[in-house]
Amino acid sequence: MNIYDLDLKGLTAQLTELGQPAFRARQIYAHLYKKLANDFAAMTDLPAALREQLTANLQIGSLELVREQTTDDGLTRKVLWRCPGDAVIETVLMIYPPDRATICVSTQAGCAMGCVFCATGKLGLLRNISSGEIMEQVLYFERYLRNEGAAIAKRHGGPVPDHITNLVFMGMGEPFANYERWWAAVERLNDKQGFNLGARNMTVSTVGLVKGIRQLADEALQVNLAVSLHAPNDQLRSELMPVNDRFDISDLMDAIRYYTDKTHRRVSFEYVLLDDKNDTPELAAQLASLVKGMLCHVNLIPWNPIPGTPLTRSHRERVTAFQRVVQAAGISCTVRVERGVEIAAACGQLAAIPSPTSPINLY
């Protein structure tokens, strides 16, 4: 059993079965999430007999590291993992000096949603991943920053964080299609006895599964919500995102209003810009009309290239023009800063395939 799949209560129960007192669970929990131990032998304040029991009955992690890639500036790093059963997932760390380090975490191997502009969607769903496999992605990069932060800072020529400050569930997969396991990881990440990352430092992105949006609104933890919108009308959104045939824009907006009314928290609308597809001033005006009056922010994303598609990204001038129309309606609207395009680590590029061997021509 992967020990990362156990919360403190579950770990306590497991140790009780091994004839151990409950306080040992708290000790082990601190080793895993505070000291970042990845070997029972390193837990030297535990009796040797207990360490032997742990080694015989539990394992620390189940992911196999296959490949690591880092951008030339050293500030974006992507890891490819092999899960038990041979499915693969990817995780990305993005460092924003001097004080922010964001990890982009996968919640499924592949994705069933089939968005036409996304590399992960072309894989189909391979399998859900466990809460422990989600945790393991985070702990790997927390350990990496703790051990390598000083070297990264020296290379960068200025301070960088030595720990993860923000987490986005925007990697491979649809988090709300794996809600139970995903939420178990969220609770463990937030647990003060565990990883102790504030809920407001976590953001989950969904294609628009309305049940999940409503369920998130009812949760006690205030995790931020981002919604992949990408079109302001049903005809175009269904063309880009098959999920719109199940939950149309009207259903989606009702769920989002429920979320904002219940939580009083702002929702981010993600809008990938595709040349001559969804980037016209007319569509910008439709988008502004759709979201006006909502507690929201619009995040425009110039599309990042993926193999095997005729799509192209919007030119800079069209991105700027689109943004101005939305802003003119009084709506907060920014353009996402690109990170990791050269190692296929940017938004929409995660597909667990080799990264480009030659530079990508963006325009």
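Backbone N, Cα and C atoms are what each Cβ position is placed from, and that goes for glycine too.
For reference, Swiss-Prot has these:
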ACT_SITE  Glu90  active site, proton acceptor
DOMAIN    97-342  domain 'Radical SAM core'
DISULFID  Cys104-Cys347  disulfide bond
BINDING   Cys111, Cys115, Cys118  [4Fe-4S] cluster binding site
BINDING   Gly173, Glu174, Ser205, Ser228, Leu229, His230, Asn304  S-adenosyl-L-methionine binding site
ACT_SITE  Cys347  active site, S-methylcysteine intermediate
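Everything Swiss-Prot records as a feature, shown here on the structure.
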| residue | record | DSSP class |
| --- | --- | --- |
| Glu90 | active site, proton acceptor | strand |
| Cys104 | disulfide bond | strand |
| Cys111 | [4Fe-4S] cluster binding site | strand |
| Glu174 | S-adenosyl-L-methionine binding site | coil |
| Ser205 | S-adenosyl-L-methionine binding site | strand |
| Ser228 | S-adenosyl-L-methionine binding site | strand |
| Asn304 | S-adenosyl-L-methionine binding site | coil |
What recorded positions among Cys104, Cys111, Cys115, Cys118, Ser228, His230 are found with a C-alpha within 10 angstroms of that of the residue listed as 'active site, proton acceptor'?
-> Cys104
Which residues, sitting 6 or more apart from Leu229 (S-adenosyl-L-methionine binding site) on the same chain, put a CB under 8 Å from its CB?
-> Gly208, Arg237, Leu252, Phe269, Glu270, Tyr271, Leu287
What are the non-local neighbours of His230 (S-adenosyl-L-methionine binding site), defined as same-chain residues 6+ apart in sequence with CB under 8 A from its CB?
-> Cys115, Phe117, Arg237, Leu240, Met241, Glu270, Tyr271, Val272, Asn278
Could you check which of the recorded positions (Cys104, Gly173, Ser228, Asn304) sits closest to Cys111 ([4Fe-4S] cluster binding site), going Cα to Cα?
-> Gly173
Cβ proximity for Ser228 (S-adenosyl-L-methionine binding site), under 8 A, sequence spacing 6+, ordered by residue number, returns Cys115, Ser205, Thr206, Val207, Gly208, Met241, Glu270, Val272
So how many other Cβ atoms are close to Gly173 (S-adenosyl-L-methionine binding site), meaning within 10 Å of its Cβ?
-> 30
In the structure shown, which of the recorded positions Cys104, Cys111, Cys115, Cys118 has the fewest Cβ neighbours within 10 Å?
-> Cys115
Report, in whole Å, the straight Cα-to-Cα distance of Cys104 (disulfide bond) from Gly173 (S-adenosyl-L-methionine binding site).
-> 12
